[in-house]
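One structure is given below, encoded as structure tokens.
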Amino acid sequence: MYPARVALQGPRPARAAAAAGTNGSNGGGGGAYNSNASTRGRGSVKVQVKPFTKESLDRLESKTVQLVRDYGFQPRRKLSVEDGSVLPGKFEPFPSDLYGRPLEEIDNFIYDETFCVVSKRFRKNYIHRFTATSSFFFFSPWNRTRRVCIWLSTNQLFDYFVMATILLNCVFLAMTEPMEQAEYIFLAIYTAEMIIKSVAKGFILNKYTYLRNPWNWLDFVVITSGYATIGMEVGNLAGLRTFRVLRALKTVSIMPGLKTIINALLHSFKQLAEVMTLTIFCLMVFALFALQVYMGELRNKCVRNIEADNVTAADWRE
């Protein structure tokens, strides 16, 4: 019998709600918000969502220390709610006044110093995770500047603005005579977007930071290459301007539906690796066969000898 599995399951939903309500009333959670959820054959229960406070971080740190003390290591289990996924139905309807605000972690299998933020995008609620450490060693989770950046990065209007900027940038890229002033404006907007997300999430050191998300790698490459090509007219660096066309792919990191399609394609490539290998092998066999049969034979062409046939150039044109 493995006691750790029993210990990590936690209390039943009703008891968990009662315990959370007790902690919130004692001043530890800064107030709790109830959200109705239906269960199997039991009507509805109250699922509490609590704002993330300094007391929340203290409880999370003490919980992590206790787990390491009990088991000798920090357990890792599969998450029940992934970052960027749709909010589970048990938290619906979600309180509208909590959109864009740091909340306590809703996944019982996460023992890291993290908090989550719920945003509404395209009529669905999505969950975003952030590190509870200070971004850039200065902006704590309770810093006003970071909270504004968190609200902006998870706001749907901000996504609409970025998408409109990308579409307008594609229009300017299609012009035969590009406008350098417009490119500088677009580059400044993309840089501001990266700074806002980096301040909200952190840059790279901790989990759930900006560069820990593979979807942000393309944005970082496009922005850095844009600054590298400023003032470069000749040489190999001028060829980096072709990376500007990759800005259209930034829409993938904004629209959740496109993310799902790309992830499905990547997973299908892994599953179809053997089939693709067999297909490439068959194509190589036919290519080698055609190379041996037709090699050098298709270079000849039929021409008419005008001098031998006593035909003038005017007759040949006719």
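Every residue gets a Cβ built from N, Cα and C, even glycine.
In TrEMBL, annotation is done automatically, which means it is predicted and not curated.
Summarising the annotation, TrEMBL assigns compositional bias 'Low complexity' to 10-23.
According to TrEMBL, the domain 'Ion transport' annotation covers 156-309.
The region 'Disordered' annotation in TrEMBL covers 1-45.
Under the heading transmembrane segment, TrEMBL lists 157-175 (among others).
Through the fold, the transmembrane segment (182-200) approaches residues 130, 135-136, 139, 145-146, 149-150, 152-153, 162, 165, 168-169, 172, 209-210, 216, 219-220, 222-223, 226-227, 230, 244, 247, 250 of its own chain, all at least 6 residues removed from its boundaries and within a Cβ separation under 8 Å. The annotation transmembrane segment is assigned in TrEMBL to 182-200 (among others).
Annotation source TrEMBL lists transmembrane segment at 220-240 (among others).
Within the chain, the transmembrane segment (275-295) has long-range Cβ neighbours (under 8 A, six or more residues past its boundaries) at 269. Among the features that TrEMBL reports, transmembrane segment is placed at 275-295 (among others).
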Checklist entry - What same-chain residues lie close to the transmembrane segment (157-175): Cβ under 8 Å, and 6 or more beyond its ends? => result 121, 182-183, 186, 189-190, 193, 244-245, 247-248, 250-251, 254-255
